[in-house]
Amino acid sequence: MQWESKRMSDVDGSPVEDRELRASPRLASPRLAWPGLSSPLLCRRCRAFFWLASLLVASLVWCVSVRLSDPEDQRLQHGLLMFGAAVSVLLQEAFRFAHFRLLKKADEGLVTISEDGRSPISLKQMAYVSGLSFGIISGVFSVINILADSIGPGTVGIHGDSPYYFITSAFLTMALVFLHTFWGTIFFDACEKRRYWKLALVVVSHLVISGLTFLNPCYEASLIPIFLITVSTGVWAFFTAGGSLRNILACLSCREKEDGHVMVYSELQLPVED
């Protein structure tokens, strides 16, 4: 979730290129990960309800804390905003764990009623779809907030403010979509294998990402670390999902997997029919 320290708007609205930057990862990633599954099928499997529920609870906590505090104290209000961001992150991860438990129960039921005794969807696919659903709904809400600011009145860059508000917000939204997908993969694997240190790293990295957005509009201090964390988390999620350097080389060289079957050719020929 992005947190902007001040409100900026543009009478012309958000550029088309910015909207494409926000939407491109969530549109392209399903086809790259599992070409056999279409994007609409993945979207139907998404459980964005859990993210919305966490956002609702976090909003209630923040609203109550603001109502009970002094609205004239700006320092206190900024502290409450940081508190709300931390609570939102913790609730998102708690609901991600609840989503994992629900999917495990559903998967056990599918295994019981299936004919071959196997689940129709693997844990890695469930983790990917869960993370992608969190990323999609998080990106949608980020876009809605940006578009609400773009209605106006005002112009980005006035009074010496940064003119790169929209393009930077687009990159931050794109990074969050990827990060939620990566976090979902790592989180589900950690829950399945009971590796609690991985769970702790996911929660801590999520808190760090949310905290870095408070450095806006000093975008160099927030955007660069966020993308470094995104790349490193993506590499971690890739190897967690079973990826390897051999897979990367095979993908880059576009080589198909060699067939392990040996074909035996016989010199015997069928008799020629008269």
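Cβ atoms here come from the backbone N, Cα and C positions, even for glycine.
The region 'Disordered' annotation in TrEMBL covers 1-20.
The transmembrane segment annotation in TrEMBL covers 48-68 (among others).
Sequence annotations record features per position, and here TrEMBL assigns transmembrane segment to 80-98 (among others).
Annotated transmembrane segment per TrEMBL: 126-144 (among others), in sequence order.
Residues or ranges marked as transmembrane segment by TrEMBL: 164-184 (among others).
TrEMBL lists 196-215 (among others) with the feature transmembrane segment. Away from its own ends, the transmembrane segment (196-215) comes close to residues 1-5, 82, 85-86, 88-90, 92-93, 172, 176, 179, 183, 186-187, 189-190, 221-222, 225-226, 229, 233 of its chain (Cβ-Cβ under 8 Å, at least six residues beyond either end).
Per TrEMBL, the feature transmembrane segment maps to 221-239 (among others). Here the transmembrane segment (221-239) has long-range neighbours at 168, 171-172, 175, 178-179, 181-183, 185-186, 205, 208-209, 212-215, meaning same-chain residues at least 6 beyond its ends whose C-beta is under 8 angstroms from one of its own.
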